[in-house]
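Database features (TrEMBL):
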TRANSMEM  21-42  transmembrane segment
TRANSMEM  54-79  transmembrane segment
TRANSMEM  106-132  transmembrane segment
TRANSMEM  144-166  transmembrane segment
TRANSMEM  173-193  transmembrane segment
TRANSMEM  213-240  transmembrane segment
């Protein structure tokens, strides 16, 4: 099983090495924070925010909006490209189960998402060091890293329902992208939801449970995120396993 999955992952990496969409999404994920930070640097004055206030301000553009949408693009593409390229039939006749095939794609997607989150962390730390000085960065590094990594991982697990939508729609690219945008919008709007409602909805729970000082019911928020993650993963695997092709 492990060998078959490793071979599948190697084949996926080989196919994606020169893929334009993956390159474009990765480039946007890196260029966007660089441009925002470069603007702050070229203004030549210390930002009016504290270092964590500056990190939250940057995250409101990148991690709240851009990264979930880009991640949804990548996940949808990884699943649906086999349908659009008509390679799904060949893959399903290979000695690899449907479950392993989908899990392999989810692993590739999760690896991309985590890699982009770590790149974003490196960019933010570099920018913070230039703007606020290395001493201030050193004193706040743990808080910055915890916030960015936690935010990235929670967004990752709450996007698993996108895989289910992509499997159901097969070649239709737009429904899963629309769901991604809706989930992202709910996540941002969750900052203004009542305490109980915001904690009940998984996508709004992500910023509430991540940003310090937010009104949240921790147990309810954590439970809703876990249910969303397992539900999306289970339904994606179940639907793909029982899908006729």
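Each Cβ is built from the backbone N, Cα and C atoms, and glycine gets one as well.
With a cut-off of 8 Å on Cβ pairs spaced 6 or more residues apart, the transmembrane segment (173-193) and the transmembrane segment (21-42) reach fewer than 3 such pairs and are scored as not touching.
Here the transmembrane segment (144-166) touches the transmembrane segment (54-79). Their Cβ atoms form 3 or more pairs under 8 Å, with each pair 6 or more residues apart.
Only residues 6 or more beyond the boundaries of the transmembrane segment (213-240), in the same chain, are considered here, and those with a CB under 8 A from a CB of the stretch are 98-99, 101-103, 106, 154, 157-164, 166-168, 191, 195-196, 198-203, 205-207.
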